[in-house]
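Notes to accompany the following structure.
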Amino acid sequence: MTNVSLVTTFFLMGLPHAPAMDIPLLGIFLVIYVLTVVGNLLILLVIKVDSHLHTPMYYFLTNLSFIDMWFSTVTVPKMLMTLASPEGRAISFPSCVTQLYSFHFLGSTECFLYTVMSYDRYLAISHPLRYASMMRGRTCALLATSTWLSGSLHSAVQTTLTFRLPYCGPSQIQHYFCDAPPILKLACANTSVNEMVIFVNIGVVALGCFLLIVLSYVSIVWSILKIRTSEGRHRAFQTCASHCTVVLCFFVPCVFIYLRPGSRDAVDGVVAVFYTVLTPLLNPVVYTLRNKEVKKALWKLIHIVTYSRSK
């Protein structure tokens, strides 16, 4: 079997919906996308200008905001194009390869980053006296770099396995972006081996990261219960609650789509909206509205901007 594909253009069928909903959905997703980009850019700016936020926790948060901004950009603009006109559904073969690689690269990097962030919270709460020496700048940079490199490798495996097969038609992808499960259904060859390897690959990464996160938070909860003051316990729980919220919103849809037997195109497309559209928006909301330090830095930035304009 050759690696040459006869298909030069795919067509994204988008989310299942009535034609009359095109304009309303276009408006909703456009607003969400703009808020996502602005919100994550704002977090990057606030952490950059406020020296009090130059800590390991916020260093990893800047990585998360940067990922979320681009994670949303990989899928949402093309979704908007499919809603705007039928011509917007077309996507060239190279563009489809690029979108799938970028999607899994950013998605798996975010998965690894959540694990690193849970480890950081574990050290901060369980070993507060040694935290500063254990999480130096060099250590943080090494951990962050490892998440990006691991994500790149994971995505390269996914993309290679998906597009090494021949595609000779049909060319309609039952999804709003190029992802492995719906694309493999269009291959002109047996995909059982590919599906099994992808299942195991994603399973090892997702479940491995999730178990490490659960282990970290079990240890964190145990340490929090040892804190004597109620104020200290409340602050520790509040710090971790934000991370737990976004972790669940990211992992649960992923497990539902990639690690369950069988696949239903309509259901998968709707569920995918949660971690491709809503989670990138949820992160800046959770980390600003539930975080006093970020809110304080944000008001300080607004005050500086307002004061400079009034002069």
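Every residue gets a Cβ built from N, Cα and C, even glycine.
The domain 'G-protein coupled receptors family 1 profile' annotation in TrEMBL covers 39-287.
Positions annotated as transmembrane segment by TrEMBL: 30-47 (among others).
Sequence annotations record features per position, and here TrEMBL assigns transmembrane segment to 59-80 (among others).
Here TrEMBL flags 100-119 (among others) as transmembrane segment.
Among the features that TrEMBL reports, transmembrane segment is placed at 140-157 (among others).
The annotation transmembrane segment is assigned in TrEMBL to 198-225 (among others).
As annotated by TrEMBL, transmembrane segment applies to 237-259 (among others). Cβ atoms under 8 Å from those of the transmembrane segment (237-259) belong to residues 107, 110-111, 114, 117-118, 121, 124-125, 181, 198-199, 202-203, 206-207, 209-210, 213, 217, 220, 224, 268, 271-272, 274-275, 278-279, 282-283, 286-287, 290-291 of the same chain, restricted to positions at least 6 beyond its ends.
Among residues of the same chain six or more beyond the transmembrane segment (271-289), those with a C-beta under 8 A of the stretch's C-beta atoms are 15, 29, 32-33, 35-36, 39-40, 42-43, 61, 64-65, 68-69, 71-72, 75-76, 103, 107, 175-177, 179, 242, 245-246, 249-250, 252-254, 256-257, 295, 298. Residues or ranges marked as transmembrane segment in TrEMBL: 271-289 (among others).
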Folded-back contacts onto the transmembrane segment (30-47), same chain, C-beta under 8 angstroms, at least six residues removed: 53-54, 58, 61-62, 65-66, 68-69, 72-73, 76-77, 80, 277-278, 280-281, 283-285, 287-288, 294, 297-298, 301
Within the predicted model, mean pLDDT of the domain 'G-protein coupled receptors family 1 profile' (39-287): 86
